[in-house]
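Visitor: Pasting the relevant annotations from TrEMBL:
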COMPBIAS  373-402  compositional bias 'Polar residues'
COMPBIAS  469-481  compositional bias 'Low complexity'
DOMAIN    64-125  domain 'Peroxin/Ferlin'
DOMAIN    137-170  domain 'Peroxin/Ferlin'
DOMAIN    567-677  domain 'PH'
DOMAIN    740-801  domain 'Peroxin/Ferlin'
DOMAIN    812-845  domain 'Peroxin/Ferlin'
REGION    363-410  region 'Disordered'
REGION    425-504  region 'Disordered'
Amino acid sequence: MPITLLWAVDVYGRVYSLSTASERWERADDTLLELKRVSAGKGRCWGIGCDHHVYLNIMPSETPIRYREETYENQRWNPVDGFTDVLLPTDRWPWSDVTGLNPQPLHSFQLPSRSWEWEGDWYVDQSCSGEPSETGSWEYAVDFPANFSPDKKWNSCVRRRRWIRYRRYVAPGSWAKIPLENIRKTPLPLCDICCGGWEMSDQSGRYPYLWGVSQQGQVWFREGIHPRVPEGISWEEVDVPKEVAQLSAGPGDLLWAVLWDGNSWFGLASAWTARLAHHGLNVVWVVTKDYKVWFRRGVNSHNPCGSGWISIGGEMMMVNVGLNDQVWAVGEDRGLYFRLGVTPFEPSGNGWIPISAQWGNKKVGSQRDDQQTEASQGSVVSCTDSDSELGSNTLTKDTPQNAPRPFIPASDSFINSLVSDRDKTSAAQPSILEVSQEDTPDPSPAPVLLTPDDASRDLPWSNVDLEGAEAARSAQAAGSSLEDSSKSVLALENPQREGEEDGPVWAWISGGGCDVDAESKVSWLSPTGVLTSSFSLTPVQSAAWSEEHERREATKRKPLERSHSIWVRKGTLRWWRDWKPQRWVDVSVALEQSTKPDGKKDSIFFVYYTQYDEKKYLQVFINEITALVPVIRDCYYAFAVYTAQRTKQRWPLVLAAQTEKDLNDWVSLLSECCCECRGISSSPIPGNCHPCDLMFWRQVPGHLRCVESNSLGLVWGVGWDGTAWVYSLPEDAAEMHQQTDVRNVYVYENQRWNPMTGYTDKGLPTDRPMWSDESGLKECTKSTTHPPSPQWSWVSEWAVDYNVPGGTDKEGWQYAADFPVTFHGHKTMKDFVRRRRWIRKCKIVLRAPWQQSRVEHVPLWAISEKGDVLCRLGVSPQNPAGSSWLHVGTDQPFKSVSIGGANQVWAIAKDGSVFYRGSVSPQNPAGECWYHIPSPPRQTLKQLSVGRTSVFAVDENSNLWYRQGLTPSYPQGSAWELISNNVSKVSVGPLDQVWTIAEGVPGFPLESPGAICHRVGVGPMQPKGHSWDFGIGGGWEHITIRGNSAEAPRTNPVPSGSPRSQDLSASRIWTMAVLWVCSRLPSGFIFYT
């Protein structure tokens, strides 16, 4: 770790430095130097002296700081004297700069300050354009200002040569005064100074910038700072719309300010007045006038205003953010503190620790045992939140109220004097003496001066809303009791001036040049004694350790209120920009999670991107996310983020990761944060059912082809290999089971017959590819076909599949007259094309809350791969796997079965015929016989679902049908009625609620097929409903609402005139539901809501 310095100033202006390799404070060599405040950067420190001059201290280095001064000697040729310094009136100066516009004789060069000295005299540069010259270093040209070259030609009428002189900076390691260049343009006396900007994205020099604030509120910028010119050249005024009191420049390209009236530059709140602000690369810390510490979340170059204020425990006089966003502070006890645990993932840290370095023969930290007065010994270590004591400071009982207190000057005391001087009508200000809140009337809100539009139109300043912090402060201050408001805090008192032997009383600290982080092993940052943690304990600690111990024991018996903490996860992803030009964009993402004092968590997901060299960002509140769905997009590992608004607009936020591991990590992390924000437990439980676009969908580990649930909370699933699984409701990750699934991957070999060679792979130009998928639209060869996703692995080689619907010949071929006519298994005279299917098996293995028992763990009624109808016996909540299978006889193979209320069993045969199973009861679970039900005219049904009193079915043309006339005495119904089209799957719940998978969303032709929607208006008087409510889309294949078992309470009705009143009035019938879906993606993801 490199050796760097921490700088600090005491209340008497003495400057100290503390090295990371030492344990002792070192005072500046200049004992007469008195500074008000300092601002450190990498390898340097700036300061403001009591004489209003700016001082600079450069750390010694092995590489000296040298600056080259240069000037050019110009001559012209004439026929009499040859080349001479007698030039034409229109020529440049005899001694000038490289442009020839400015005269620069040798005697005009002066040292800029006493910190420089000449290394030698002037000498001629013997090189021309970096190469040795044989012509005396002269460069020739036809005329000024033509191009010069070292070669003299017959028409060379002018020449020049360069003179060089070096000066060296001789004041490293000491404080050097910056001279005033121009008295007229010199800034008025400065009250604040800050340096930063050495990590700006558009800067290659990596050197700092310097900003200053005058006592009149003007902002000044130091021009010309360079590694070879550390002092800079001149001051330039920066236009600002309001008077500034304090500036903070971080290492990046952000600049924050505090106004003279105490309001933050980036936000106006009359009751929440900032005293000091400081920020780093991605953080902003603020101290208010009541010494409360606040942290601004979400700050970076894309979002310079941030996203919200967080209260931090502890009361500080000032804070400073140094390298690596580490935080340093001066406490109310005038001790120095360091924020423990600040990392890129937790920028707010987790506690304050004192800086315990040696001074003389004793350590100097936050405790001053020999100088504590009775007021400090009687101060109480607060155990309340940092927002609960705003303005509640009172005098201690041992100190008379009218007794004057000695005044210790602070580095910013002249600022307070200037503020008081401006208010001539106000009464004389007391010293630091605290006054009880009971005797102090509530201050009236200060008027907020809005910036005129014409004054701020061209200024690069923006406001940050501080109303959130003001509201939190007001709410907690209003709720605090009189006893809490009467608690006293430390009143700084020192009856005698401290000498150097007593140790410094700190007023300012700057860690901008101290390179430490949370993992650094620095001796003076080791926690010693009583630490001020994040439990909102103030850094004021009593000198009487016995009393402190008693107070700590009493505190342990009381519940502590935790302060806020911030956790950040950052990374890089690719974002699909879905406006023209549509393309993938590399973005940076950040997930910020804040933990409130009551333990609740609030998270925001940021996406930072650049458009036309302008930094922008998107933000998604985690509590607004409704689904995180993995999608297939351009062969990327992508996932879509849905919110209620984005679901309505069919505009999900699509992000892609570089690897599958990164995708799973981000999806798991975001899903976990969503569950924490909503208080969702690890197991699916029934909850309030909202409109379709407001539901939160949670992914369940596992891989299935379809799932079903019942009203008792049992969930079943069937994998692609026909294996049945039952959900095991795990309470923790240790109860996960190994789940496997095997899936078949098919490719088709196509051939056409010709009279010369017979069947061959040479087809017509209009034919399908000779190796394709089943549809023939996509070319698929055995070498280019891969498993559905990287989670799958091959478990067999390619082989001819003889189990093809329609049959095959001995070689596995199927024949037809042409593509794409129906194929059959025998050749005829009219068959000119043939195909055969190749099969290869792939397998996936993962851990999920699903248990397998081979053929035992299946739903109550099931259909095997061969079309056999099976009934499971002995299924109960205590034995969800059941005991045995019972085969139900049929005349033909079946393809769909559904069980509804009152033991209604409906099924569809493979030829589309509909059947009803009669006499099914708990005593006779398999029933007695099948009753044939006529199908809709000229339609072939493929799937149906039975509810309590209704039956819905879907045909092969994606039409949805409703069975009319169902009664207890005539359960077969009377006729089919067409309800809707554009439906691929339907599920009817025990309360007759209807959910479907739609092929598309009306009005959104680019929406991928497989959108979830439910039927609105379904009720006892209108079992068919009246409209559709569309939810998230993106490739859903299976849905079940059969886990619903309880009706909603009929309290708190929604007004009919409010938005979505029709949706909510209908949803009261089917609240308390668990909805399960399966994605049609190859990975077969399982979700529930």
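Cβ coordinates are placed from backbone N, Cα and C, and glycine is handled just like the others.
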Visitor: Counting CB pairs under 8 Å, which listed stretch among 64-125, 137-170, 812-845 touches the domain 'Peroxin/Ferlin' (740-801) the most?
Guide: 812-845
Visitor: If we skip the immediate neighbours and take only residues 6+ beyond the ends of the domain 'Peroxin/Ferlin' (812-845), which ones have a Cβ under 8 Å from one of its Cβ atoms?
Guide: 703, 738-753, 759, 767-768, 775-776, 782, 785, 787-788, 791-802, 804, 806
Visitor: When the domain 'Peroxin/Ferlin' (812-845) is classified with DSSP, how many of its residues are helical, how many are strand and how many are coil?
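Guide: The composition, in the requested order, is 0 helix, 18 strand, 16 coil.
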Visitor: Go through the chain and flag residues at least 6 beyond the ends of the domain 'Peroxin/Ferlin' (137-170) whose CB is under 8 A from any CB in it; none is fine as an answer.
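Guide: Sequence-distant neighbours of the domain 'Peroxin/Ferlin' (137-170): 58, 64-77, 83, 91-92, 99-100, 106, 109, 111, 115-129, 131, 230.
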Visitor: Which residue counts does DSSP give the domain 'PH' (567-677) for helix, strand and coil?
Guide: 26 helix, 65 strand, 20 coil
Visitor: Per DSSP, what is the helix/strand/coil residue tally across the domain 'Peroxin/Ferlin' (740-801)?
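Guide: Helix, strand, coil within the domain 'Peroxin/Ferlin' (740-801): 0 helix, 25 strand, 37 coil.
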Visitor: For a three-state summary based on DSSP, what are the helix, strand and coil counts in the domain 'Peroxin/Ferlin' (137-170)?
Guide: 0 helix, 16 strand, 18 coil
